[in-house]
Amino acid sequence: MEVENEAHCCPGSSSGGSREYKVVMLGAGGVGKSAVTMQFISHQFPDYHDPTIEDAYKTQVRIDNEPAYLDILDTAGQAEFTAMREQYMRGGEGFIICYSVTDRQSFQEAAKFKELIFQVRHTYEIPLVLVGNKIDLEQFRQVSTEEGMNLARDYNCAFFETSAALRFGIDDAFQGLVREIRRKESMLSLVERKLKRKDSLWKKIKASLKKKRENML
């Protein structure tokens, strides 16, 4: 198994030099964001959770044989823009937008949460994963798998269907987000290295031209 929890509750700073990933859970109230988070960090399904409460969780995991320290913010279900929400939107490195497959309105509201990210970050190039939760309640399904896949394609992000009750697909969702964060960081690093090489080449050309001018004098 590629995702392995090493600790359910970690100290305030990452241990062993692990890379810290700040993850923000978004989605309408009642879609199971907290249950998904709790299953990931502690393999437990909560009996009750107040959807108006925002909470933070930390855990140490290994993903693709690399340590990862996840700092997960589980947000309330409101899609309104607030000063506090702006603060954690700015700090988040990756986002999981969650909806319930048994609630079409929560699926439609996914667009609102994606727009909230854009309002703060002014770009759509932010690591993102779309999650359709509660697939164990298949008899009450209102949103098809195909609809979820199509929306994720529009968002240019990975898509996972999960069941917090059965702990199905939970690790895959967080794993996918961390991989996307790493991928984008790797791309950015590659661009920066290319720019540095171009800058270095440009300086060499200018130095060569300067030397030629000096020799002509």
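Counting begins at 1 with the first residue displayed.
Any Cβ shown, glycine's included, is placed from N, Cα and C.
The model shown is predicted, which means the values in this text are computed figures rather than measured ones.
DSSP assigns Lys33 (GTP binding site) to a helix. The feature GTP binding site is assigned by Swiss-Prot to 27-34, 74-78, 133-136, with similarity to another entry given as support.
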Give me the long-range Cβ neighbours of Gly27 (GTP binding site): same chain, 6+ apart, Cβ under 8 Å, in sequence order.
Lys33, Gly77, Ile96, Ile97, Cys98, Tyr99, Ser106, Glu109, Ala110, Phe113, Val131
